[in-house]
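Colleague: Pasting the relevant annotations from TrEMBL:
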- 1-22: signal peptide (SIGNAL)
- 21-68: domain 'P-type ATPase N-terminal' (DOMAIN)
- 239-260: transmembrane segment (TRANSMEM)
- 280-303: transmembrane segment (TRANSMEM)
- Asp349: active site, 4-aspartylphosphate intermediate (ACT_SITE)
- Asp349, Lys350, Thr351, Phe417, Lys440, Arg473, Thr553, Gly554, Asp555, Arg636, Lys642, Asn665, Asp666: ATP binding site (BINDING)
- Asp349, Thr351, Asp662, Asp666: Mg(2+) binding site (BINDING)
- 689-734: domain 'P-type ATPase C-terminal' (DOMAIN)
- 728-752: transmembrane segment (TRANSMEM)
- 739-911: domain 'P-type ATPase C-terminal' (DOMAIN)
- 782-801: transmembrane segment (TRANSMEM)
- 848-868: transmembrane segment (TRANSMEM)
- 888-907: transmembrane segment (TRANSMEM)
Amino acid sequence: MSPRRVSLLLIVVNFPFRFSSTAKYGILTFLPRFLYEQIRRAANAFFLFIALMQQIPDVSPTGRYTTLVPLIFILTVAGIKEIIEDYKRHKADNTVNKKKTTAVLCSKSAAVLSYSEPQAMCYTETSNLDGETNLKIRQGLPLTASFQSLEELMVLSGRLECEGPNRHLYDFTGTLRLENHNPAPLGPDQVLLRGAQLRNTQWVVGIVVYTGHDSKLMQNSTKAPLKRSNVERVTNMQILVLFGILLVMALVSSIGAAIWNQQHTDEACWYLSRDISLNFWYNLLTFIILYNNLIPISLLVTLEVVRFTQALFINWDTEMYYAETDTPAMARTSNLNEELGQVKYLFSDKTGTLTCNIILLFLSEKETKLSSRLPHQVPKLSLCLGFVFTARTPHSVIIEAVTSQILCMLCFNVCLFCSNRKRMSVIVRTPTGKLRLYCKGADNMIFERLNETSQYKDLTVAHLEQFATEGLRTLCFAYVDLEEGAYQEWLKEYNRISTVLKDRAQKLEECYELIEKNLLLLGATAIEDRLQAGVPETIATLMKANIKIWVLTGDKQETAINIGVMCGYKFSPFLAPQATRATLTAHCSSLGDSLRKENELALIIDGQTLKYALSFEVRQAFLDLALSCKAVICCRVSPLQKSEIVDMVKKHVKAITLAIGDGANDVGMIQTAHVGVGISGNEGMQATNSSDYSIAQFSYLEKLLLVHGAWSYNRVTKCILYCFYKNVVLYIIEVCTLIIFTALPPFTLGIVDRPCSQQNMLRFPQLYRITQNAEGFNTKVFWGHCINALIHSIILFWFPLKVLEHGNYRKHSRTQTHVDHSSSSYVVVTVCLKAGMETTAWTRFSHLAVWGSMVLWMLFFAVYSAIWPTIPIAPDMLGQAGRVMQCWSFWLGLILVPTACLLKDVVWNATALIATHANIPIIKANNCFLSLSIDGYAFSQEEHGVVSQSQVVRSYDTTRQRPSL
């Protein structure tokens with residue numbers, strides 16, 4: 001994009017800090033978007049077509065409204081469900097959007113001019129952008145740092161030039177041109193991005209540079225998609241195939257009717273009432289309408305009720321209720337319930353999703369000679385050692401000793417931290433007048449510089465090993481007392497090198513080496529952003545269920561690796577490729593035949609490298625390499641990169657994906673994945689509001705997938721297959737009236753049936769692979785049920801006809817009516833018993849649906865045939881119950897006909913069950929332990945930032961009052 005220019009003009013406004021919407025519909029967009037989503041379903045589109053065809057005069061043999069009225073009812077039910085679910089989204093959005101703030105801004109969106117903190121510095125938290133919760137320092141230009149009143153700001157005149165809107169979170173290039181001043185460069189450290197939160201800062205003055213969709217947060221966001229489950233997509237395809245079969249049947253029937261009409265003229269068939277059309281195309285439409293019941297319209301409303309009830313089960317699950325924050329699990333949509341049972345790739349954020357977002361401190365110190373595990377915050381470290389930090393000035397630190405004595409330590413020099421050094425030092429003068437250097441850093445860096453006489457090395461090493469085994473990030477502390485002469489000599493060299501222009505950083509590192517030696521060990525610490533309860537166990541269980549887990553985080557590489565160890569990943573070695581084509585090709589070649597097969601490897605890659613890895617030229621090589629690793633950890637990734645990774649796997653692997661996160665930076669991947677899960681954590685509600693399902697703890701994902709997901713998949717697929725089976729049986733032999741008496745079994749199959757108990761689903765996570773691999777619902781299974789239904793319909797038509805030829809029906813003139821009603825009884829019994837065979841968990845609702853439906857039909861048949869014409873419908877039923885039920889062949893047929901239909905099913909199921917048991921492998925859990933010693937370090941200030949670490953130390957004087965705007 002072209003560069004942007006912003007002229008300066010002071011504006012003071014009250015405005016909502018941000019307006020976000022995660023709802024699917026608005027008042028004006030509801031109807032068109034809802035109808036579009038519904039018509040995408042092949043069944044709805046088909047029945048809309050049938051309803052329109054029925055409006056053509058003299059075409060429909062079944063009336064003009066027999067399809068339109070049920071379709072309107074189905075759409076109304078679906079619309080009410082969508083309104084209820086979207087109302088909850090609007091309600092959650094309003095909670096966030098109604099928070100208001102007062103701000104002082106210069107022009108249009110925000111480069112920093114001045115802050116309340118010393119030297120125009122402020123602290124920001126960027127968890128909504130990159131997931132990191134540690135505070136980062138931003139600083140205004142020295143040129144504008146002194147502008148701290150409205151009067152000074154009003155006289156500003158000039159312009160700001162910067163790059164056009166883009167999605168790169170860590171890049172910014174601009175120039176501030178004020179009148180009567182030299183141009184001043186602007187970089188990332190002078191920019192407050194939308195979504196960042198100010199901390200420990202009273203006020204800020206800035207120039208607005210990006211607004212609305214131009215902001216980097218919005219550039220990294222994606223539009224909320226309309227999601228459909230894989231089961232729904234498969235069903236849509238089968239309905240289209242059925243529609244093709246229906247067209248063929250209608251075409252064949254129309255051709256047959258045309259031939260028959262040619263051969264049988266009105267004169268030859270004078271005894272027939274031939275009030276029919278001889279137009280071929282009218283007859284074709286008539287047959288299409290006549291055969292439309294081949295596709296079950298009742299399936300639509302049945303699925304809506306079933307899915308809505310399943311969502312209520314998730315909401316009501318007390319085992320997924322988090323009492324500490326009073327947060328229940330919530331199904332924000334019910335259309336993806338069965339998708340939870342097919343997840344193969346899980347993409348997870350780290351901070352706040354796997355962890356508690358609370359830093360815990362562990363100590364190993366020479367005073368106690370023991371490992372003290374104290375869950376205190378960092379400011380309390382001094383209290384643990386007997387001191388309390390009270391204040392800081394640019395050149396000193398003031399502390400309070402246990403004896404309440406106030407001590408002042410003068411700060412002279414800061415030996416800066418960098419990733420090569422992995423340590424940082426400060427030279428101070430103690431209250432007793434000693435010149436001392438304190439150093440903190442990675443254990444290997446500190447131990448290499450210890451004096452031979454230093455004590456407690458072995459004890460500290462033991463503690464470090466214990467901490468590292470637990471995945472904690474460790475730091476060692478040491479000190480050395482300096483001689484005045486030696487220090488002055490070093491200071492001269494330091495001052496000389498500080499003014500060198502060429503290779504200054506490298507020469508300073510060499511200078512630091514001269515004084516950081518002969519250290520005495522003080523002790524060690526370890527920090528942990530503690531994992532949520534049950535995270536390692538949950539990950540282990542999900543991996544047993546053949547779910548691949550990728551961690552996508554904005555944190556540093558060291559943190560990502562530590563979390564991988566803490567989560568129980570067992571792998572060796574780590575791979576951290578530079579994603580050039582040659583490097584990726586080399587890694588792929590080294591795997592040989594193991595490429596795209598799971599290996600005991602982990603892929604660690606950062607956001608900078610991902611820019612190249614996700615490019616079109618090398619994307620396939622990167623994906624092949626990633627799929628060959630047991631674990632994939634992407635660190636320092638932007639929100640858009642997260643969604644791009646999810647989208648890559650979603651499109652190229654053809655597996656169901658799930659993304660889970662808790663911050664605004666996770667919204668993109670949550671919306672991109674087939675299923676998005678939000679964690680109700682400490683980073684706001686934006687991820688939760690944008691998700692399909694929300695839970696309070698990562699460990700709840702285990703039950704959400706293995707229990708609710710697997711159950712929902714089994715229930716929905718059984719419901720769909722049974723509805724098609726029932727429809728084919730009923731409509732092939734044209735006994736449509738029985739649909740009422742066979743309506744309950746689909747609901748019980750879809751709501752209360754389950755393959756096995758909750759305890760067994762969690763105990764044997766391998767059972768999840770059955771639903772994950774779509775073994776219960778695919779094209780083969782679908783057409784197997786349809787063909788089986790066709791066989792049953794043939795048996796149910798011909799067997800009763802042959803059986804009843806031997807009864808005493810032939811004494812009566814209405815033999816065909818007797819056959820029809822006998823067949824109806826056989827159909828109800830057969831269809832209900834088939835539902836019983838599909839049921840794996842018998843409850844009182846199952847018994848009521850199966851046996852109750854059969855009893856209800858028999859009672860209706862007996863009563864209605866006796867009370868006609870009190871209800872003047874179906875006069876052919878008058879007296880039929882008595883005639884049918886007194887015939888012995890009817891009762892014999894009631895046993896033989898359903899048995900003949902279902903015998904094949906019983907044999908088939910028994911054979912399949914035996915084959916399944918024979919092929920089930922015996923799975924043994926082997927305990928595998930891997931100890932990784934990882935050197936770590938913790939420092940919140942950014943390396944090579946505009947604000948140097950030394951400047952940070954020097955900038956604060958907490959004894960002085962801050963200016964107010």
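The backbone N, Cα and C atoms fix where each Cβ goes, glycine too.
TrEMBL annotations: computationally assigned, not manually curated.
Describe the structural context of these features.
Modeller: Nonlocal intrachain contacts for the transmembrane segment (239-260), taken as residues 6+ away from its ends with a CB within less than 8 angstroms of a stretch CB, comprise 42-43, 46, 280, 283-284, 287-288, 290-292, 294-295.
Within 10 Å of the C-beta of Asp349 (active site, 4-aspartylphosphate intermediate) there are 30 other C-beta atoms, taking all protein chains into account.
Using a 10 Å radius centred on the Cβ of Lys642 (ATP binding site) and all shown protein chains, the other Cβ atoms total 31.
Under DSSP, residues within the domain 'P-type ATPase C-terminal' (689-734) fall into helix, strand and coil as 35 helix, 3 strand, 8 coil.
Residues of the same chain lying 6 or more positions beyond the ends of the transmembrane segment (728-752) and with a Cβ under 8 Å from any Cβ of it are 293-294, 298-299, 302-303, 305-306, 309-310, 715-716, 718-719, 722, 786, 789-790, 792-794, 796-797, 820, 823-824, 827-828, 830-832, 835, 838-839, 841, 843, 845-846, 848-850, 852-853, 856-857, 860, 874.
Taken as a whole, the domain 'P-type ATPase C-terminal' (739-911) shows an average pLDDT of 81 in this prediction.
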Colleague: Of Asp349, Thr351, Lys440, Lys642, which recorded positions come within 10 Å of Asp662 (Mg(2+) binding site), going by C-alpha to C-alpha distance?
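Modeller: Asp349, Thr351, listed in sequence order.
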Colleague: In whole Å, how far does the CA atom of Lys642 (ATP binding site) lie from that of Asp349 (active site, 4-aspartylphosphate intermediate)?
Modeller: 9
Colleague: Looking only at residues six or more beyond either end of the transmembrane segment (782-801), which have a C-beta under 8 A from one in the stretch?
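Modeller: Residues 234, 238, 721, 724-729, 732-733, 819, 822-823, 826-827, 830, 834, 893, 896-897, 900-901, 904-905.
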Colleague: Between the Cα atoms of Thr553 (ATP binding site) and Asp349 (active site, 4-aspartylphosphate intermediate), find the distance and write it as a whole number of Å.
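Modeller: It is 5 Å, counting Cα to Cα.
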Colleague: CB neighbours of Asp666 (ATP binding site) within 10 A?
Modeller: 34
Colleague: How many helix, strand and coil residues does the domain 'P-type ATPase N-terminal' (21-68) contain under DSSP?
Modeller: 23 helix, 0 strand, 25 coil
Colleague: If you measure Asp666 (ATP binding site) to Asp349 (active site, 4-aspartylphosphate intermediate) at Cα, how many Å is it?
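Modeller: That comes out at 7 Å between the alpha carbons.
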Colleague: Expressed to the nearest Å, what is the distance separating Lys440 (ATP binding site) and Asp349 (active site, 4-aspartylphosphate intermediate) at their Cα atoms?
Modeller: 30
